[in-house]
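In TrEMBL this protein carries:
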| type | residues | note |
| --- | --- | --- |
| DOMAIN | 23-197 | domain 'Gem-associated protein 5 first beta-propeller' |
| REPEAT | 50-94 | repeat 'WD' |
| REPEAT | 220-243 | repeat 'WD' |
| DOMAIN | 372-682 | domain 'Gem-associated protein 5 second beta-propeller' |
| REPEAT | 614-656 | repeat 'WD' |
| REPEAT | 657-699 | repeat 'WD' |
| DOMAIN | 810-1018 | domain 'Gem-associated protein 5 TPR' |
| DOMAIN | 1076-1390 | domain 'Gem-associated protein 5 RBS' |
| REGION | 1286-1325 | region 'Disordered' |
Amino acid sequence: MHERSLPASPNWYCSRCSDVSSGGLLGVGAKNIIYLIEASASSCRVVGELVGHKDLVSGFSFCQHAGQSHICVSSSNDGSVRFWDSDNKALIRENAAHQTPVAAVHWSPVDKNLVVSGDEKGIVVCHWYHTGDTTSFFPEPRTIFCLTCSPHTWSTVAVGYKDGMIVLIDVSKKGEVMHRLRGHDDEIHSLTWSPLASEDILYGRLEDSEVSTGDEKGCYLASGSKDQTVRIWSSAKGKGVMTLKLPYVKKRGSAVDPGVKERLWLHVHWPKGRPTQLVSSCFSGELVMWDLTRTGKQRWTLFGTSSEGQNHSRIIFNLSSVHLQDDRELLISTSMDREIKCWDLASLDCCWTLPTLGGFVYALTFSPVGAGCLALGVGDNMIRVWNTLTTQNQYDTRSFWQGIKSKVTALAWHPKKEGSLSFGTDDGKVGIYDVFSNKPPQISSSYHRKTVYTLAWGPPVPPMSFGAAGGKPSCCLYSCAGEGVILQHDPTKLSGEASDIDKLIRDTNDIKHKLSPHTDLSWKPDGKVVAIGNEDGCIDVYQAPSLKLLCSIQQHHKIINTLRWHHDHSSLPELHCLLASGSSNATVFIHDLHSVIENPPESPVVLTEPYRRLCGHTAKITGMAWSPHHDARLVTVSYDGTAQVWDVLQEEALSNYRGHVGYLLCVDWSPVDPDVIWTGGKDFTLQEWRVSKQEFTKPPKATFEMQRKSSAVIKSKDKPGACFNFINQLQLNVFLKLGLCMFFFYVTVWVCPCVLDLNLLKKKKPRSMLPVSTSMDHRPKEDLLQDCINLASVKYSNGCVPGQGEHIHLGLFSDRQALYRMLEAEEEGHVEAGHYDSVVYLRLWSGDLEGALQLATEKGELSDHLLSVAPMAGFEVWSRTVEAFVKQLCLQEQYLKAASHLLSINKLYEAVDLLRSHKLYREAIALVKARLPADEPVLTELYTCWAATLEKDGHFSAAAKCYLAAGASFDAAKVIARKNDVSSLRTAANLARISGEVALAQSLALRCAKDLAAALDWVKAQEVLSPQESLLVHRLHLGVAELLAAMLADSQVSSQPCVSSHPWASRGERHVSIQDRVRDVWERQFGVSQKSAGHRGAGALLQELKSVESPTPTANIPLRQLYSSLHLTRAVLSWLLDDDGQLIKELWQAVAWFRDAGHLDVSAELCHLLFPDGTSVHLTVSKAAADSLQAFVHYQHLYEHWWSNAIQIQNGCSRSAVDSSPGDEVKDKVVNGGVSEEGVCPATRLDKLDFDASLLLSEQHAACQATQRSVIEIQERLAAMVLQHSRAQGPQLDSGEKEPDTPTQISNKTECPAVVSHPEQPEDQETLLSLSSKMSEHQKRLADLPDTIKMYPHPDVVECCLVLLHLSKASPSVSESLQQEAKDLLRKYGTNPSVLKASQRFLT
């Protein structure tokens, strides 16, 4: 159809948007079209297009199987996959299995019927060409970037994702994932399989030096990623075997761009006959051949090094190769530089380059000086200059882009100066390029405000025509742009200001009115006259240089798009004055201006009839050109998508070209070949075609008929009846097939929205205020004529009564009374229809303002407009109307607006109550503070109510602010403290302190400090208490607690991590007691000593601290030092007061607290801290407390002595008792409550006791402990008897109940003598009465004991006797008298079954 063509640019950022068939046919996806290009080693030619996709083509692939090599498949962002016949340029089938844009498609090299596609959601679809079936898989929830089918196994597909993941799937197993290849960390741009079906070729290059066993079948897969690496993967092992880092190839004379990574697209291609060589793109348009068997850094070879300018200038997107019949292998690449290049893989040199276009072709023009030099203005912000006559390279083009930066919409060659090309752009820029130099263009300093439509070279006109002969230009540049202005530029001084020729036109022709905006201009080749087209369709012809108006051509009625003068080298002089014009009409007019130009009239003439009419186009005319080889032969291009050649004199259509897709924008005739024409248009292509080879002679009429039919359908759908008629006819078959429910669903979901959209196109007509009288004007013609007679009779004689009855509509044309009667009738009609708002406005117009407001109030139709006119009826009416409108607004939940209207009638308190009743406290408070005094009581009420609401909703901080504003600082502090976290308590304490609430501040500060101390954040705890001097004693208490925690942590008894601590709490000397350290810290840090007086005196502080209660110690209380340190603090204060009795009591309680809570190790360590040197306590007062405390200290020393000696025994007897374990022995002793003589080695001597052990053998405490044990045993026996009695009553239980197991178990466990002191008494003689009497006897014994014995207990005396007797076996330090005393106590009180066995060993 066409000779040569520049196609649209291939789409960017697609993994496989081009492919080559086995016959050498290249398919390239550009926009939504696929261009087919015949490729050979020496040349290329565009042979056709595949048109049908509705969105960008995202993938393209040929079938490489014999017999089907002409079949291809494409994918698009419209979600479709289409099969094509490239021979017939026809669509075979369309599949719509995807719901989202398809990212990639590939035809399997193994199975001739399998096509695989993947979309952006991660869906992979298999299409079977021979059956049309599809199968979908979802291997990974990721965005697919590329995919490729294996050339060796039909079911294996590699899929690359946006996040760098590569997945190998088996489509024969429902998309099962075979391997996940991880290594890339950015987008996968391309995947390619090795052409060899094995993994043997790269053994010497494997990164992990593994050798295949031969059992695994697979082949290599190469991947290119945005992370700048090419990786080779083993499909058998599912792992990477090689990584290739892209080289930085520095261009000559330029540095490496640091931002190249952001623009990198890394495509890889494995040529079929080269299993050890891989081709990849690089950073800036270079191609690299990798030798996969080569070692060292230089593994690659650069393409196109034999000569300059062979490589692409920007990144490459696609590579594909083909084997020719002469065994040459070609590689074809597409790039961002909008060029398609062909490479010879043997020499790595470029064979040919095909330029492509990335935008509309807005302008094309041949140079009048350089034969065959064609300039193109394109929408991709570039100018191309094509030498169309060269024989070596058919596509010898140069691109110019410097200084443009916008769409090139107009071009014009200088008529005499070779290589001088002017251009205009979409943003109003005008410039001149010298195409034979590398210099940037000259840019005019005068810019247009809108798009430049036309450029033309012509003679200078004033003011540029003034001046000396050497100073004025011989030719000026004229530019016409979208704002309707024509500027004259001096090409020698583009930096100077251009002149607007409208001023000259007005001055010369004495025009006062505004000139119509200009849209085009054309100078006659001889430069004598210029034709200017205008927006109103008028063409004005002016005589140069004064621009005197010769004539005005008023034949077009729409904007003039193009004007062209006939060339002046015709053999017929009368043809030199022919002017062709094209507008937004479809008709081309030819004007003969010979008489006007040869004999200029004194006054302008108006031409209303053309010389010739050229009819045939069906849309507006966009460009035209006269043939330089013929007389009166014209070619025109139009929005109907065709180019038409005319014989102007005969008004005959000669040839019609239809090779473009979409409308055409520009045309020019070849200057060397009379049969060749060049056209460009919307489809991004430039096409060369021959007039003699065209099939058609006239433009098609189908386009216009289709537009007319479609407009008729739309018009019919504007009427509702026609719409549903159309639906009923169209959907009858659907109704019959799908059934009633499905039909209604179909109509509701698919058809009705279309109908609604069509109806929305038509603006809704507002409802008439006078519908009754208006309807009377739509009666038949006879009735309307009779109305005129009736109105005349009323006017000039007493006829009918207008405004009522059948003459109601005549009230509008008569007096006021008649109008009132008509309005009353109209009101009745509106009331019946329920249009009360119309009634209100009618009453308003008639002057009944109060009635209108009353009706609007009753019907709830009050509005802001009615309220604005209400004051016209008086203050009372206006006030009532406002109140009614407020009620209406409240019903509509517009409370803020209602309150504002209450303010307009000075009802401030009512407005506040309205806001408060609907919980709009913030607005109400703002209103009160803005309008009322600061001491207004309602303000306090608002704050209080709002605070209560906020507190209820849990917004404590906001509630506190309200309480503060209301003056209730106590409530503010309390509400903040409700959060009960550290920050809230601290804030509440500070707030209470600042507000003067001393008691509350103290309690909150103490709560906060306790929480911080519990978290071991000692510094912040002290900071909380420090602002309040009255809390000094609690600061002292925290200091003692911090010291105690630090000393316990040093001894590794307590391992809780400390958040913060003071320097004075650091580790001290072990021999210094804790009391001494506390006294020193108090004196240095807090200023409290024995000499302090007043509120810092020890007495006052002790009295204050006595009010703090310590909880009862239990095992559930966590290990905290606060409660024990409380007693320790009291002890130190008593020490400062020289109160030894109180001192001992408090020290005993500090130790006993840990013991009673179950922390025996901590209690023992505290004893050691209190008495580090083991000094006995000799006190005369509080003898019982002192003895108890001293006993526990000796108890700790006793066990320390025992365990240290146990280690010596182990070391001494290790040879003789190899099989025994001292650790197990000691454990056995502890568990069984006794000791064994076998574990003692007589040959080993132990250290002597370093303390007085006789204090541990208190007979009074032994008797008390024995009695307490007896009471416990009697209680257990009584419980066992009760349970046995319950079991005996078991048969009497209901059938639905089950006897519990617990009584039996417990009774078995408690089978022990009831009374320990009389074990010989038989068990069967025990009765409930005897046990009760014994219980009373023991309780009486306990009551008779001194209170000091029960208040200050000792360690278990029987236990201490056993340990001392055990130590006596290996140590002479235990005296005979002490041993005898221990034995006597055991005989008397060691009768309990738990220790009876151990006691017998020492007593027998």
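Heads up, the Cβ atoms here are built off N, Cα and C, so glycines get one too.
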Cβ contacts the domain 'Gem-associated protein 5 second beta-propeller' (372-682)/the domain 'Gem-associated protein 5 first beta-propeller' (23-197), at least three under 8 Å, sequence gap 6 or more = yes
Request  = Take the repeat 'WD' (614-656) and average the pLDDT across it for me.
outcome  = 96
Remark   = For the repeat 'WD' (50-94), the DSSP residue counts stand at 0 helix, 24 strand, 21 coil
Query = Do you know the DSSP helix, strand and coil residue counts for the repeat 'WD' (614-656)?
reply = 0 helix, 23 strand, 20 coil
Inquiry  = Let's see if you can do this one: DSSP helix, strand and coil counts over the repeat 'WD' (220-243), in that order.
reply    = 0 helix, 17 strand, 7 coil
